[in-house]
Amino acid sequence: MRNGAIATVVAGGIAFAVQPLISPAQAAATLPTLSAKGAFLLDNTTGAKKYGKNADIKRQMASTTKVMTAAVVLDTPGLDLNRKVTIKQSYRDYVARNGASTADLRTGDKITVRSLLYGLMLPSGCDAAYALADAFGTGTTESARTKSFISKMNSKATALGMTNTKFDSFDGISTTGNNYTTPRDLAKLAQHALKTATFRGVVKTTKKYEYATTSTGGTRTYTWYNTNKLLGSYGGALGIKTGTGTAAGPCLVFTATKDGKTYTGVILNGTDRFNDAAKLLDYGFGTSTASTMQLRKLPPGAQRD
């Protein structure tokens with residue numbers, strides 16, 4: 001019987017119309033209705049598009065920018081993840097001045113690049129982004145080094161074929177409005193970043209303790225929670241990054257694996273971004289779990305993004 005067809009059953013000479021039973025997989029095959037203004041879902045193995053909504057319309061991306069921040073660092077030739085970076089007061093001042101999300105890095109602490117990646121991707125630390133841009137850019141001043149790093153971000157975007165993307169910041173805080181992407185482009189970036197084992201390990205972590213050496217030689221413990229509430233809520237979810245901004249609205253880059261299949265997706269300006277992501281994943285996997293998903297709760301005081 002054709003999907004959606006109505007069967008006719010004859011009993012006792014009387015014809016009855018019988019609606020067919022629809023399985024969860026059939027229900028999930030229906031194109032999802034999303035809150036997002038832009039969205040994309042791709043098969044992470046083949047790169048083939050599974051779903052798109054305004055896939056090539058340019059939009060602000062807020063802290064999902066940090067996926068590129070991490071990618072530039074992790075693609076650095078000869079990268080030493082145990083290299084220590086000293087936290088400067090200017091990083092904290094920047095966060096305070098912009099009311100930005102923070103890993104609450106303390107001035108004078110020496111912390112590894114690996115730890116900074118957790119501080120970047122879990123609590124969405126703009127201070128961690130600043131520290132990485134300062135450490136991995138080139139130049140004689142902080143300004144020159146961070147501008148150099150942003151240039152590397154744009155070069156990476158070009159290399160990945162992100163033709164409708166431009167970065168003007170290392171963390172998504174745009175002063176000119178020229179920090180934009182499209183759902184399709186951001187999915188390409190996520191697909192690339194997920195090829196790196198360190199990146200995958202970072203973004204799938206829901207809670208992390210990291211340690212730094214203080215300016216007096218002591219040890220400081222940082223506790224960070226992942227702002228991506230899809231983790232621990234949707235079966236098979238493995239990351240990646242949230243973002244929220246006045247112009248961007250709520251954003252999410254996400255990925256999940258089930259039964260040997262992996263999908264990666266993007267939500268831009270979606271008021272119900274986590275449910276949108278679950279709907280897209282259900283659509284990809286042929287499942288129906290979004291309606292019953294219970295979002296993981298962040299503890300009081302944890303960074304939101």
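Cβ coordinates come from backbone N, Cα and C, glycine included.
Automated prediction, rather than curation, is the source of TrEMBL annotations.
The shown structure was predicted, so the numbers you read here are calculated from the model rather than taken from an experiment.
The following features are taken from TrEMBL:
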SIGNAL    1-27  signal peptide
DOMAIN    28-270  domain 'Peptidase S11 D-alanyl-D-alanine carboxypeptidase A N-terminal'
ACT_SITE  Ser63  active site, acyl-ester intermediate
ACT_SITE  Lys66  active site, proton acceptor
ACT_SITE  Ser124  active site
BINDING   Lys241  substrate binding site
* To do: For the domain 'Peptidase S11 D-alanyl-D-alanine carboxypeptidase A N-terminal' (28-270), would you mind checking the mean pLDDT of the predicted model?
  => 98
* Asked: Around Ser124 (active site), how many other CB atoms lie within 10 A of its CB?
  -> 30
